[in-house]
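Over in TrEMBL, the protein carries these features:
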ACT_SITE  Cys82  active site, nucleophile
ACT_SITE  His169  active site
ACT_SITE  Glu171  active site
BINDING   Ser223, Gly224, Gly225, Val226, Asp227, Ser228, Ala229  ATP binding site
DOMAIN    196-394  domain 'GMPS ATP-PPase'
Amino acid sequence: MANGPVLVVDFGAQYAQLIARRVREAHVYSEIVPNSITAAEMMEKDPQAIILSGGPASVYVDGAPMLDPDIFNLGIPMLGICYGFQVMSYQLGGVVDKAALGEYGKTEALIDNADSILAGSPETQITWMSHGVAVQKAPEGFEVLAHTEGAPVAAMANEERGLFGVQWHPEVKHTPLGQDIIENFLHKEAKLPNSWDSHSIIDEQVAKIRKQVGDAQVICGLSGGVDSAVAAALVHKAIGDQLTCVFVDHGLLRKGEVEQVKHDFVEATGIKLVTVDASDDFLTALEGVSEPERKRKIIGEKFIRTFEKATRQIVADAANAGSEIKFLVQGTLYPDVVESGGGDGAANIKSHHNVGGLPDDLKFDLIEPLRTLFKDEVRAVGTELGLPEEMVWRQPFPGPGLAIRIVGEITRERLAALREADAIAREELSKAGLDRDIWQCPVVLLADVHSVGVQGDERTYGSPIVLRPVSSEDAMTADWSRVPYDVLAQISTRITNECREINRVVLDVTSKPPATIEWE
Ligand SMILES: Nc1ncnc2c1ncn2[C@@H]1O[C@H](COP(=O)(O)OP(=O)(O)OP(=O)(O)O)[C@@H](O)[C@H]1O
Ligand SMILES: O=c1[nH]c(=O)c2[nH+]cn([C@@H]3O[C@H](COP(=O)(O)O)[C@@H](O)[C@H]3O)c2[nH]1
Ligand SMILES: NC(=O)CC[C@H](N)C(=O)O
Ligand SMILES: [Mg+2]
């Protein structure tokens, strides 16, 4: 039996990464592949099952993406979702056409046969749909399992060939029984056992890192955040003392962060840590820049130049004499890659400094053991590796730091004001016991906006601070946190009293989408 991953074929879906995640929640490992994959390329990965994602195209329009037809004959169990279901129906001879009625959002599905992937379903179930095309007639050999008002065939199965399809989206939380469909497919139909958890990823990555690195020296960009701490701990488990962590003080960190990271990290892990003060370098390069993507590209490049410089220092150290450092570990996660436009056909939303912001002449080979994971999976790995709870549950803080929280040009004065305001907000939210409820709370300085205030009977003309507390599961989507009014009031009073430049505090009440978590 195959023991490779479940492959999620991406047809340009917004939710391909969610499908991969739901499969892993069912304790089976999964990876995403582009829809251009051939049957031969697929067999190299030895997949245990295949899931076809949704997508924006219509199968009957010229140029619509199709699957290499040989893949249907590989004998590998396959589930098509939405566009993927339409592709399967179309390529196997069913009738697919414009739906008499488009269905977007909450839709009732009528179950004709609660068996196969719909085993255990009630006679009707609430589903979340998003389609304007429908399968009018299933291909030969398929049984219709469900229909909706707009989709004569809304779910189908061919048990003999191990092929299944569903029009609605089982991967989104708005389909309450969606996970049952995914688990029925994986466990009941494809007969896959529970085989993936945070323990298996550790073993797998440790073996892979050892093989990749051999006895070479490695550095890791360490920020004190969850992702790089977990990445460093994993690599340390694999190669021990061959690892040196490099913490860059780019002058864009929060109050007290340098001392805290230096102390806490070394104490908790015993890993070698070098701190580099590169603040002059970063701040000079950022002078006069206000466009967010330019800030991100400059910072991405400066990080790499700083790592290169640190490398020369480490090599000059007697203990490492003669060694060359070719490998750089980064705590890159899946959402960093997707947002930087790294998914198949996915749009570039913002260039994360560690992915889209890397310079073209990068001389390091990257080691990114967390690149396919989401934050909650990373936290599980960190816990399993024995990292302290405060480290594993630390709120995220972006690598470009306060640079992307000053809307406008970055100056030392503006940084100092924002740093104070941020420290007050963090202190009060912690005091109120909200650290775990809140995913993170960016504090943003609208540096180029000025409004009139009255303080001590005098007119002031200062900049506003925005509070952006959000709740989230994985940073891909988020909602604004309903922080109690008295906590907000206390933060507002303290910021306007203690930060001279600030005369107004406002609250951001936008979800993601349409906004992103950070302002830039
Ligand atoms: N100040 C820094 N010094 C060295 N490396 C850094 C620094 N800031 C970020 N990095 C590198 O960039 C990666 C991505 O940063 P990111 O903020 O997404 O992750 P993190 O800081 O490790 O975790 P978290 O998302 O919880 O803040 C880090 O994992 C780390 O490798
Ligand atoms: O290391 C990072 N480098 C970056 O360039 C970057 N941009 C955003 N973030 C963090 O990513 C998560 C999603 O943020 P957005 O909704 O703003 O895209 C949130 O947790 C953000 O804080 C970054 N982290
Ligand atoms: N979400 C989807 O996969 C949509 C599939 C197809 N574009 C339709 O409208 O039916
Ligand atoms: Mg961080």
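From the backbone N, Cα and C atoms, a Cβ is placed for every residue, glycine too.
Checked against ligand 1, the recorded positions Cys82, His169, Ser223, Val226, Ser228 give Ser223, Val226, Ser228 in sequence order as having a Cβ less than 6 Å away from one of its atoms.
Each residue in Leu222, Val230, Ala231, Gly331, Arg394 lies on the same chain as Ser223, Gly224, Gly225, Val226, Asp227, Ser228, Ala229 and has a C-beta within 8 Å of the C-beta centroid of that ATP site, without being one of the site residues. Of the recorded residues, Val226 (ATP binding site) and Cys82 (active site, nucleophile) place their C-alpha atoms 35 Å from one another. Taking a C-beta cut-off of under 8 angstroms and a sequence separation of 6 or more, Ser223 (ATP binding site) has the following same-chain neighbours: Phe247, Val261, Gly331, Phe397, Gly399.
For ligand 4, there are no nearby recorded positions; that is, of His169, Glu171, Gly224, none has a C-beta under 6 Å from one of its atoms. Reported as a whole number, the C-alpha separation between Gly224 (ATP binding site) and Glu171 (active site) equals 33 Å. His169 (active site) has Cys82 as its nearest neighbour among the recorded positions Cys82, Gly225, Ala229, going by CA to CA distance.
Between the CA atoms of Asp227 (ATP binding site) and Glu171 (active site) there is a gap of 25 Å, rounded to the nearest whole number.
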